[in-house]
């Protein structure tokens with residue numbers, strides 16, 4: 001297990017994970033809960049590095065039901081989802097704390113927004129480099145390779161770093177021209 005970058009701290013039975021424990025995978029996602037025959041089985045919570053979590057009920061390693069909560073406390077709903085839709089574009093933190101004054105609008109839910117590396121996109125759980133097609137966590141650790149569908153979604157939907165430096169461009173004042 002350690003050879004693969006995973007670790008487990010918990011109960012064993014016949015050399016297999018069984019009972020309650022904490023299993024950490026190489027991406028630093030942690031499962032805390034019940035195990036049976038080396039698999040997630042029973043109640044458990046997946047804690048993601050970005051602070052979000054998935055609470056579920058598992059059977060033989062397969063999640064049968066669960067609830068996802070984003071790192072800011074927003075709970076995902078499969079139906080009647082009204083977060084950041086066409087009717088209400090506020091971020092969850094703006095819903096909880098109110099809007100900022102004019103001229104100080106938020107670009108992202110985390111405020112101030114993260115600085116995105118050149119040529120990359122902010123995927124919400126890390127940065128995506130379209131040249132390598134790799135998503136790395138905000139800590140720089142590998143998260144995943146993006147398939148064609150995810151690549152297309154990221155390029156169309158996610159916030160991108162600036163491509164070029166525009167520099168300071170003073171506005172001509174009508175008073176100066178007179």
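All positions are counted from 1 along the displayed chain.
For all residues, glycine too, the Cβ spot is worked out from N, Cα and C.
Here's what Swiss-Prot has on this protein:
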- 8-30: repeat 'MORN 1' (REPEAT)
- 31-53: repeat 'MORN 2' (REPEAT)
- 54-75: repeat 'MORN 3' (REPEAT)
Ask   = In the repeat 'MORN 2' (31-53), how many residues does DSSP put in helix, strand and coil?
value = 0 helix, 16 strand, 7 coil
Inquiry  = Across the repeat 'MORN 1' (8-30), what are the DSSP residue counts per state (helix, strand, coil)?
reply    = 0 helix, 16 strand, 7 coil
Within the repeat 'MORN 3' (54-75), residues counted as helix, strand or coil by DSSP = 0 helix, 15 strand, 7 coil
Ask   = So what pLDDT does the repeat 'MORN 3' (54-75) average out to?
value = 94
